[in-house]
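Inspection log for the structure reproduced underneath, given as structure tokens.
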Amino acid sequence: MSNYSIKQSAKNNYSSSSSGGFRGGHGGNEYFCGVGGEGDFGGMGGFGACGAGYGGGAGYGGGAGGAGYGGGAGGGGAGYGGGFGGGSGAGYGGGFGGGAGGGYGGGFGGGFGGGAGGMDIFSTNEKQTMQNLNDRLASYLDKVHALETANTELERKIKEWYEKQRPGSSSGDGAKDYSKYYTMINDLKNQIIAASIENAKFLLQNDNARLAADDFKMKFENEQYMRQTVEADINGLRRVMDDLTLSKSDLESQLESLSEELAYLKKNHEDELKGMQVTQVGQVNVEMNAAPSSDLTKILNDMRSQYEDLAKRNRAAAEEQFNRMSTDLKNTLSQGIEQQKESKSELTELKRTLQSLEIELQSQLAMKKSLEMTLAEVEGSFCMKLSRLQEMIVNVEEQIARLKGESECQTAEYQQLLDIKTRLENEIETYRRLLDGDLSKPKSGGGTSTNTGSTSSKGSTRTVKRREIIEEVVDGKVVSTKVVDM
């Protein structure tokens with residue numbers, strides 16, 4: 001059976017030689033290599049050793065200067081095949097085998113076609129197609145290798161960057177350690193917070209002092225108003241007292257006039273009594289025997305007693321009237337004073353209530369103003385925070401959109417690379433079929449067989465082996481492959 005192992009050398013690449021082919025042979029990257037034994041598919045060479053094709057020379061397999069598809073140990077040819085067992089092939093279309101000329105068999109002791117002509121089954125277009133496929137495969141592998149190298153480099157740079165950004169890291173490129181600044185930053189933050197708290201305390205004390213000053217000012221104004229009110233009340237009481245003094249003076253003058261009148265009446269009465277007594281003493285007693293007359297003394301005494309009683313009654317009535325009027329006036333004055341005191345106390349209480357209500361109103365207004373200022377500050381801070389959050393949301397959305405775009409691009413690139421990989425796998429499968437000897441186009445659903453031969457000659461000894469490759473193709477796809485040695 002054919003032995004065509006696919007290897008990769010220690011260099012892990014497929015670099016082209018100076019002649020145009022892939023480097024192989026005795027130590028290069030051997031794509032189809034291995035030391036071919038008797039009847040094997042290949043020889044010592046790989047993907048090219050000294051020519052410009054896939055094999056040695058200009059062929060696909062090639063040996064140490066050979067030119068065949070599998071390559072043997074022949075001389076330097078130039079064909080695509082060059083001989084299954086070696087020889088000196090003669091051109092791309094010169095045969096799949098070797099020998100002295102072209103031909104399909106070549107190495108079976110003259111080749112399948114006798115070694116002098118053979119069947120030209122490959123054309124120049126097929127050679128160019130294979131060369132193009134070879135170039136595309138090499139380009140793809142180079143691109144994959146370059147991408148892997150770039151990816152490794154990017155991973156290394158990302159890792160180094162994360163190592164640099166990690167706190168306390170000390171990389172070889174002189175990364176700085178900022179951990180010592182964190183304590184300073186925290187101390188400064190604490191100082192800023194303490195200063196802010198102290199500033200807030202000072203502002204609060206200032207507001208309290210201003211409110212206290214306003215309260216004292218209001219109290220002073222209220223006390224001043226109360227003082228003016230009390231002074232006005234005192235002036236009113238003074239006027240009332242003056243009126244009462246005038247009334248008292250009038251009453252005293254009336255009392256004096258009444259007393260003088262009483263004294264005058266008494267004096268007149270006494271004078272009349274004295275005059276009557278003198279008249280009675282100096283009269284002449286004339287006695288007549290007549291009817292008894294009334295006693296004048298008794299009459300005068302009766303009159304005097306009547307006048308005295310009348311004077312007493314008048315004096316008592318005047319005193320009673322004076323006392324009653326004085327009592328009424330005193331009661332009225334006392335009631336007025338009591339009402340005035342009650343009114344003053346009620347007014348004072350109302351003023352105190354008004355003052356307390358005004359103070360409470362001022363405090364509530366100040367509290368309302370401070371709360372409004374606090375609310376405005378809180379609304380401003382929250383508006384700023386909301387704007388920052390909205391900016392962060394917009395940035396995150398932009399990053400998400402950018403990442404989505406990058407992901408879509410990477411997905412498209414991945415799909416493209418996957419398609420390229422699929423096409424390359426199909427091309428490699430085509431290469432394998434070509435290596436297996438499937439040189440003719442099989443019919444759909446049927447199996448075909450191709451006879452290949454290999455020959456190796458040493459002196460006069462010739463060994464010939466035949467094998468049959470059977471492939472089952474369904475809808476243009478190879479379903480199964482079978483190799484039968486003849």
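Residue 1 is the first one shown; counting continues down the chain.
Cβ coordinates come from backbone N, Cα and C, glycine included.
So that you can see what the record holds, here are the features copied from Swiss-Prot:
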COMPBIAS  449-461  compositional bias 'Low complexity'
DOMAIN    126-442  domain 'IF rod'
REGION    1-125  region 'Head'
REGION    126-161  region 'Coil 1A'
REGION    162-184  region 'Linker 1'
REGION    185-276  region 'Coil 1B'
REGION    277-299  region 'Linker 12'
REGION    300-438  region 'Coil 2'
REGION    435-466  region 'Disordered'
REGION    439-486  region 'Tail'
SITE      Gly380  site 'Stutter'
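The predicted model assigns the region 'Linker 12' (277-299) a mean pLDDT of 61. DSSP assignment over the region 'Coil 2' (300-438) gives 137 helix, 0 strand, 2 coil. The Cβ of Gly380 (site 'Stutter') has 10 other Cβ atoms within 10 Å, all protein chains considered.
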